[in-house]
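What follows is a short report on a single structure.
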Amino acid sequence: MKDLPAFPCSWVWLLWSFCSVQVCSTQPRAQEHPGFAVLASASHYWPLENVDGILELQDTTGALRTLNLTVPLSHNATFVFTNDSAYSNLSATVDIMEGKVNKGIYLKEEKGVTFLYYGTYKSSCISNPAQCGPEGVTFSFFWKTQGDQTRPAPYAYGGQVVSDGFKVCSSGGKGSVELYTRDNSMTWKATFNPPGPYWTHVLFTWKSKEGLKVYVNGTLSTSDPSGKVSHTYGDPHVNLVIGSEQDQTKRYENGAFDEFIIWERALTPDEIKMYFTAAIGKHALLSSTPPAMPTAHTVIPTDAYHPIITNLTEERKRFQRPGTVLRYLQNVSLRLPNKSLSEETALNLTETFLRTVGEVLLLPSWTHESEDNAMTLGLVDTIDTVMGHISSNLQSREPHVTLTGSSSTAEFTVAKVLPPALSAPHYRFPAHGHSYIEIPREALHSQAWTTIVGLLYHTMHYYLKNIHPTSTEIPEAVNCRDCLLSVASHLISLEVSPPPTLSQNLSGSPLITVHLRHKLTQKQYSDATNESNRLFLYCAFLNFSSGEGVWSSQGCALTEGNLTYSVCHCTHLTNFAILMQVVPLKLTHGHQVALSSISYVGCSLSVLCLAATLVTFAVLSSVSTIRNQRYHIHANLSFAVLVAQVLLLISFSMEPGTVPCQVLAVLLHYFFLTAFAWMLVEGLHLYSMVIKVFGSEDSKHLYYYGIGWGCPLLICIISISSSMDSYGTSDSCWLALGSGAIWAFVGPALLVIVVNIVILVAVTRVISHISTDSYKIHGDPSAFKLTAKAVAVLLPILGTSWVFGVLAVSDRALVFQYMFAILNSLQGLFIFLFHCLLNSEVRAAFKHKTKVWSLTSSSARTANTKPFSSDTVNGTRPGTASTKLSPWDKSSHSAHRVDLSAV
């Protein structure tokens, strides 16, 4: 090949575009070395000139095997158009200074640039390494320099890297590789010994998580794993160029390149070594190689694992159905060759397999098809098989070798150690973090090689849910057969061979310590913190002894923890996780029967009493004292509570989940809301009569009916339209407790309770003040008894007994559950007693009505019957004042002149 002109600093530029050379995939028969299979998998390949000692990829006839490569013919013209496919896609007229160079085009533009152009690569992995994905990218070429020059080279660009790409430079006794990604303005740089006058193979790989690695003659030379931020780096061009730049302050070097190759993935160390040995010949040395240069006297044997790694990389691009993918991975795990693994191959196989598993978990159909957990458990078992094979076949000459890494699937460790090499008091995996497993040092007694495999899965727990207790070997969980379990922590695995010597008794030692930080979903956290539920946490492991993964707690005990973490002690090793079971609080059968009996009897009695109350109010409606607004409110409240309790009694015999049950749930919701709404009206009316006077009763009549019947209807319409499926679908014909629809009842009910309690306190203070004044003026001790009586009378109509329902939310508040059942179910009885049977106005009206009936039966007095008035009931003639003062009237001279008839 022809050498390039004198270069001040030999550069490899990626400025990028579209007319690359693609490599044929069929391996020629004449080239059986596995390194040529690595070369055949390249994305772009420019063989350039034939160089003695550097082998190219040939077909069966010995011809160069490339695609879309046109070797430029001899040109006599001084100028050619470079949009000719023989040159490049540049649409400019250039001067061919040297003609054909390395089967590229050596150009000199007006700006004085001396370059080899290979085309442009817009929007590709080559133009932007950040677009290569997690697989990364690899650049490879052979390079040599021809010594110093005394004359300067033609003028060229000075120190610029264009677009996202890389730069390779040799100057002043140093070689360097720089790689830049414009997307995040990151730069990686590594230095190495520059090539001399002998052909040197330079290859570098880049992966976003591993950074830059530079290999010289097949061996890792230097690296930059982290990189740094650089915002002022490069120009936005897209050409792929090998060329030179001039710096008058530096020495000038001639340089030459051969076999320029790009893989759109990062090669493994084994692949790099195989390609290098293939390129230089099975037993050949590099031509003109000095004695001090590393040589390859023997050929690396065919790596039995390389085809598996390659197939995994290729097959995962075609993954679609989880079931098919799982069977493929299981076949891979069962057909792994029983051959030794170097550290590099073991690490590569581990990373590739776990990366493949990560691709499986990202399939849109995986979540749906893995709902029964069998698919996920099969995947975990397959991973265990592969990792066990890798650890058992890992070869090492050192007493302690550990391979560690992390992927989207799991954090892993594969170790092969001699126990005497372990000096720490315990072995811990992983070494850092809140979730880990510890093995005491005294449990590792074996003097032979010990293999250790650790896996901390990142997302596997999300796919292990809805576990039926009957399908587990956790006796405590079976106590609630309908309460499903779910994984509440990371899944962590640790396998040691030969197994550690552990106590078979949980009270003995040594034992395995498993410390797991909980990873709760929003639903899990909500269920766990709900006071109506009881939370159970189990230390569990996956038992594959039966061929299928079964969760078991045998040999494990939870020794410490809370809602954030759990600590377990176990007598064995395997896959561990914390299982969570949420059990709704349930009373004993005896308490359930007692509370049900109270509810049945109380509601039945209330229905009868409320019916009697409504009949009484209807019969006495012609009496003026019963026609006032207060008794209208009592009647509406009684009717709402009556209908609600009748519907409640009917719901006890309905089948949940049916359409009639759903309709009944809607009616229950509405009528219980109306009951609370009329309790609120009772409170507001009491406030207006005792504390303030807002106006006449007639002016508030429509407002009260709007609150009592209109507001509940509006709330129900909104609730039904937004969550109709929450009605009658749980264990009873009521709103589903697990959904937000329950707040369409609880919210208004709590509001009414709070408002009425405030009103009750205010009214009680007024009554107490009047009672105190009455006692001071008249010395009547019965005034204090009237305060207690007034409170007792107001409680049923204000609904404050529902406070006990709020307090009765757990099994530790059993007394409140009984109090709520008694007071709430007997609300109708209390209304009938306090506001009908024992009410003086109602009794007086009833006596008057009785007299009217008796007079009506006598024809002699029918025509003389006069309208009844409150004055007549009180024993006073119309127009005269009563001479008998009640305790309330005795205080009329005080400042508290209020209307207490509402009480």
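Quick reminder: no glycine exception, Cβ is built from N, Cα and C everywhere.
Taking a C-beta cut-off of under 8 angstroms and a sequence separation of 6 or more, Gln592 (17beta-hydroxy-5alpha-androstan-3-one binding site) has the following same-chain neighbours: Lys586. Reduced to three states, the DSSP call for Gln592 (17beta-hydroxy-5alpha-androstan-3-one binding site) is helix. Annotated 17beta-hydroxy-5alpha-androstan-3-one binding site per Swiss-Prot: Gln592, in sequence order.
Positions annotated as domain 'Pentraxin (PTX)' by Swiss-Prot, on the basis of sequence analysis: 111-305.
Taken from Swiss-Prot, the feature domain 'GAIN-B' covers 401-586, and the record attributes it to sequence analysis.
The region 'GPS' annotation in Swiss-Prot covers 539-586.
When pLDDT values are averaged over the topological domain 'Extracellular' (27-599), the model yields 74. Annotation comment: Swiss-Prot describes 27-599 (among others) as topological domain 'Extracellular', evidence class a curator's inference.
Each residue of the topological domain 'Cytoplasmic' (621-632) gets a DSSP state, and the totals for helix, strand and coil are 6 helix, 0 strand, 6 coil. Sequence annotations record features per position, and here Swiss-Prot assigns topological domain 'Cytoplasmic' to 621-632 (among others) based on a curator's inference.
Annotation source Swiss-Prot lists topological domain 'Extracellular' at 654-662 (among others).
Feature annotation from Swiss-Prot assigns topological domain 'Cytoplasmic' to 684-701 (among others).
Marked as topological domain 'Extracellular' by Swiss-Prot: 723-740 (among others).
Per Swiss-Prot, topological domain 'Cytoplasmic' is recorded for 762-789 (among others).
What Swiss-Prot lists as topological domain 'Cytoplasmic' is 835-903 (among others).
Among the features that Swiss-Prot reports, transmembrane segment is placed at 600-620 (among others).
The transmembrane segment annotation in Swiss-Prot covers 633-653 (among others), and the record cites sequence analysis as its basis.
If one looks beyond the transmembrane segment (663-683) by at least 6 residues along the same chain, the residues whose Cβ comes under 8 Å of a Cβ in the stretch are 633-634, 636-637, 640-641, 643-644, 647-648, 650-651, 654, 704, 707-709, 711-713, 715-716, 719-720, 727-728, 733-735, 744-745, 748-749, 752, 755-756, 759-760, 797-799. The transmembrane segment annotation in Swiss-Prot covers 663-683 (among others) and rests on sequence analysis.
Among the features that Swiss-Prot reports, transmembrane segment is placed at 702-722 (among others), with the record citing sequence analysis. Sequence-distant contacts of the transmembrane segment (702-722), counting only residues of its own chain at least 6 positions beyond either end whose CB sits under 8 Å from a CB of the stretch, comprise 629, 633, 636, 640, 666, 669-670, 673-674, 676-678, 680-681, 684-685, 741, 744, 748.
Residues or ranges marked as transmembrane segment in Swiss-Prot (evidence: sequence analysis): 741-761 (among others).
Helix first, then strand, then coil: DSSP counts for the topological domain 'Extracellular' (654-662) stand at 4 helix, 0 strand, 5 coil.
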